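One structure is given below, encoded as structure tokens.
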Amino acid sequence: MMKKRVKRVLFKISGEALSDGDSSNRISEERLSRLIAELKVVRNADVEVALVIGGGNILRGLSQSQSLQINRVSADQMGMLATLINGMALADALNTEDVPNLLTSTLSCPQLAELYNPQKASDALSQGKVVICTMGAGAPYLTTDTGAALRACELKVDILLKATMHVDGVYDQDPRECADAVRYDHISYRDFLSQGLGAIDPAAISLCMEAGIPIKMFSFARHSLEEAVFNTVGTVISSAEGGQL
């Protein structure tokens, strides 16, 4: 169990968490329903919940840039728009379940979402609203991991939880390629960076290191959001003396 009371968290949710893998079904009703149900459980445990949603189920900016010969800036902006589509789906599903929420966008889209403002978002969290952050960091060449780290720092969360669909933490090698890869229960920010581990954008690690915000990376395919918040799962990245949360 967690050693300290967690009051405010930020989930970084992969866009793939909303897809069932069917190329014609970018947002799965079953996957969306599961995510909404699990967000409700965490919120009902008196935890303030913010989340940054990816857009990989719809479009990945870098891969589109390479495969379609679209320039990188445009491709990344298209990827940011994909996160807004996912955020709108989440907000509407939360509304259907009578869960108060605030849909925000890093870039101005006044007819679709409220322009992200750290103080307004923090106030909304204090009021019990789920805050959905879309459009990543709001600039090309920056990943949604970095966007999530920025939001985590601005909102002063207790922990950033990165949910993935493929691996259950940070390994010394890519477990999808190396059968003998070893998973870390805990690794320090500096060791993560010095070893060049690729599970999380190093810019995101650096931001959280400066702010002293631990990161937990876990498998959303294996664990619920509640387990990620309250139990010892996945890998924690924190200060050298931080240990597993």
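Glycine is treated like the rest: Cβ placed from N, Cα and C.
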Which of Gly55, Gly169, Gly196 shares the UMP site with Asp76, Ala137, Gly138, Ala139, Pro140, Tyr141, Leu142, Thr143, Thr144 in Swiss-Prot? The record says Gly55
With neighbours defined as other CB atoms within 10 A, the best-packed of the binding-site residues Gly55, Gly56 is Gly55
Simplified to three states, DSSP reports Ser14 (ATP binding site) as coil
Tyr141 (UMP binding site) sits from Thr164 (ATP binding site) (Cα to Cα, rounded, in Å) at a distance of 21
